[in-house]
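The structure under discussion appears below in the form of structure tokens.
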Amino acid sequence: MPEYIINGVPVNFPFEPYQLQKNYMAKVIECLQNKSNGVLESPTGTGKTLSLLCSSLAWLLFMKSKLPQSRAETLDKLHLPELSNAKNNNLTPEQALALQEQCRNAKVKIIYASRTHSQLSQAMQELKNTSYLFVHAIILGSRDQLCIHGEISKQENNAIKTTLCREEVKARNCSFYNRVEWAKDRSDVTSVPVLDIEDLVTVGRKMKACPYYLSKELVEQADVIFMPYNYLLDPKARKSNGLTLQNSVIILDEAHNVEKMCEENGSAQIRSTDIAVAIEDTSAVIKVLMDSGGNASTIDGEKQLDFTLDDLVLLKEILLNVEKAVDEVSIMFSQGGTTQPGTYIFDLLEKANIKFGNVNVILQVLNALIAHITTTMSNNFVRRGAGLQSLADFLEVVYAGNGPEYRQSIEKCFRVHIELEEAKPSAKGGVKRADGWTATKQNIKSPAKPNSKVINFWCFNPGFGMRQLLDSGARSIILTSGTLAPLKPLISELNMPVAVSLENPHIIDRSQVYVKVISHGPDRVELNSSFKNRSNPEYISSLGRTTLSLCPIIPGGLLIFFPSYPLLNKCSEEWQASGIWAQINRIKPIFTEPRGKDSFLATMAEYYAKVRDPEGRGAIFMAVCRGKVSEGLDFADANGRAVMITGLPFPPMMDARVVLKKQYLDTNRTRENELITGNDWYSLEASRAVNQAIGRVIRHKDDFGAILLCDSRFQNTRQQSQLSAWIHSHLRDERNAPNFGTVVGEMARFFRNMAQFDAPARVRELGSIKVEGEENGMHGVGTSKNAHCTSDPESSSSGLVTLYKRERKDNDDELQRSASAFSDMELVARKKRKIVLVPQKFVKTEPTVPESMLVAVKQEQKLSLNEQGVPQQEPRTAPENRVDFLREVKCSLDAGSYKLFLQALAVYNRDSNFVVFIDRMVSCFNAPHLLYLLRAMRRFVKPEHKSQFDTRIEQIMV
């Protein structure tokens, strides 16, 4: 592969990097060389992952090649067989172990973390396609992905799966785990330098060795470790995986969620119901122990227990005291709950005799009891220790540190919020808000018992979690994503020293993207999805008419993002009731984002299939900001030719956690720490979700698409400034949003220009295809150049179909499909046109056949050549007579569109609503070969509307 010198480091890159890729790699290497932290933004589609991997690995190999002599000598010492012998090395055993630890920590590793395993798999695949595929790379996954044990892998609950696994490993009962030590040095493992999840499972099954523990063993020798970033940010997960971060390079890709992850991993929750269930489970085990003789260390002669009856009696007393302390907390119902400083949690738990001095002993008993309940398959514990596990998790978060400094941080960065506990909704009622903030209030039952409460221990400073990484001895921490802007608030919130920052432009040309704010619909109703306006029937109707008017112009897939599920559902219902849904669906079938994982995957597959259907006109996917579709899914090329943002997805304003977050920022903001205000944070939360949704459409340098901001609030310059930097230039010159007709005309020209720009392909004849019989239902044939075709009923069993096909480049298939709706070359009859099968003997080379013997094609298609020598249709003219004109319209449209045409004409004659009339006409005559009929509709337009009609037609035809 070509080699490029960047900041003095030779970097192998698969192709000639673009300048912005060189700039990005230079910033990465600068961070690593100077042991500094960086925040780097580069839009989706700019080759960010490839640039990140190539630059960081190039630096790692370059640094190893320049290994200092002193380090080499240290390594030599460590490989001496007499290492532990102090006399031979003049080292005490303690010094030798310290030297070994020093050398182990001195080895630089790259820890590449991203949000999901699917993103990590894509990154590892990128690595395999580079010249650095020889470096040792391993991925850390969960038991859910890696366990191959027949019984354990069947468990649906991950906590139960973890406990069962640990117990089997501890007892040396898992044959797969027992073979890990043998397997890790075998050639089947060592010969594959890059091992992703699938590779680990394949190797593990082949060698009958546990992939989960095998991956942990291979971490020590790995140069690059891939993992989800909650493995790093969650102290419990970090401890469980035994991660040593000393001298490591930590790369957090897709880091736009890091702030929220830091806060969530530092937060915890315990419910009265959890405590009650924990008491029941503890009481049940106490009863079994007492029935077994009181002080028995085993139950029914089974394995040795790690707790005694006295341990459980003390634990039950503690649990009862916790329950009592929680019940005694008074709640201010008018404020939805009671809020206290973070250190209040220590006072509350101390009432139950849980303190810093004894919490570790309590956790030991809790974990031993959880393991016993989980692994005793024949017991009657239906909930399998769920309440005990919730309490253990809560205590581990609360007592994650110690000392005056820790208590001071808890006082400043945390709040304790106590509220009434509401029973879980039924499975049909939904569990979460789409925005990921709190549970919905819909379909919620009354509390399980009176006075049940929820104790929320909330972290509001993401810098608290980030500090643990900064204090780990990491060499550099790099945060990168396609949507980090604005960077300054992010850096101040994380409270990390950042010496290197970058906001890259997009790799695409300005002409490849069309960005517009649409402030009003085609009926001149303002588009504004604010809380006050989103229930307005006029707004919902106008948004539907906007979609109806735009979808015929957009080829391929159209993504529509709503601020919330309630608004998506309301629009769906009202559009269906008014008939707008049916009109849209006739043009592009509509799919909506489901909540379940299985149904989601099935829906996505159907959507992609509709977009790929060469006989279709694309599809629409309606989704929610912060939902599954807006994060991580790829809608490259025809899968996403346009995205409509229907509003700003602000967090729920009255949610307790949102209110307290805003208060925290306003209270702790100073000139020195440069924290943003609560209102600024609230606005940024919406903008970042919008930026993520926008990033679904432009996925590589050759992609193109439209970004439509369908909310008048996007006209606000402050709101625009919070969008990704590469979008700013497209909005810079717009003081006021253009009228709707202008947008329609501009966007139609944009897609026509992109289709012509990217696909000036030649046309070649493929020859004739023989058609056998009439079983296939075909009764005709498309016309070929300079040939008329006739029909002979007695000879219809054999015939020729002459086809033309555009020659395509290998990567042009999706573009050609998406551009077909705007192509000027209609070489074969469309699906709805009647086709007549023509026997070979009647195919003539000159048009000498009498008119009466022409095929039953509705109108002869005369072809000429354009500048590239490509056959194209000559302009048509509509019949002058109105009756003949309507007859031709009926022949040209399908039944559904013709019915819509007649209805629109009748309504216009009755109501004189020109805006609705012209939108429906555009929907009916939305294909290039029907534009002559749309132009001829002028005869039906009332005199006062003719100038508007001419303007709209001019915009469409340009």
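Even glycines carry a Cβ here, placed using N, Cα and C.
A coil conformation is recorded for Cys174 ([4Fe-4S] cluster binding site) in the three-state DSSP classification, outside any helix or strand. Marked as [4Fe-4S] cluster binding site by TrEMBL: Cys147, Cys165, Cys174, Cys210.
Residues or ranges marked as compositional bias 'Polar residues' in TrEMBL: 783-800.
The annotation domain 'Helicase ATP-binding' is assigned in TrEMBL to 7-319.
Here TrEMBL flags 774-800 as region 'Disordered'.
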Counting all other Cβ atoms within 10 Å across every protein chain shown, which of the binding-site residues Cys147, Cys165, Cys174 scores highest?
Cys147
Across all the protein chains here, work out how many other Cβ atoms are within 10 Å of the Cβ of Cys210 ([4Fe-4S] cluster binding site).
27
Using the Cβ center of Cys147, Cys165, Cys174, Cys210 as the [4Fe-4S] cluster site position, which other residues in that chain lie within 8 Å, going by their Cβ?
Arg143, Ile148, His149, Ile152, Glu168, Val169, Phe176, Tyr177, Tyr212, Tyr213
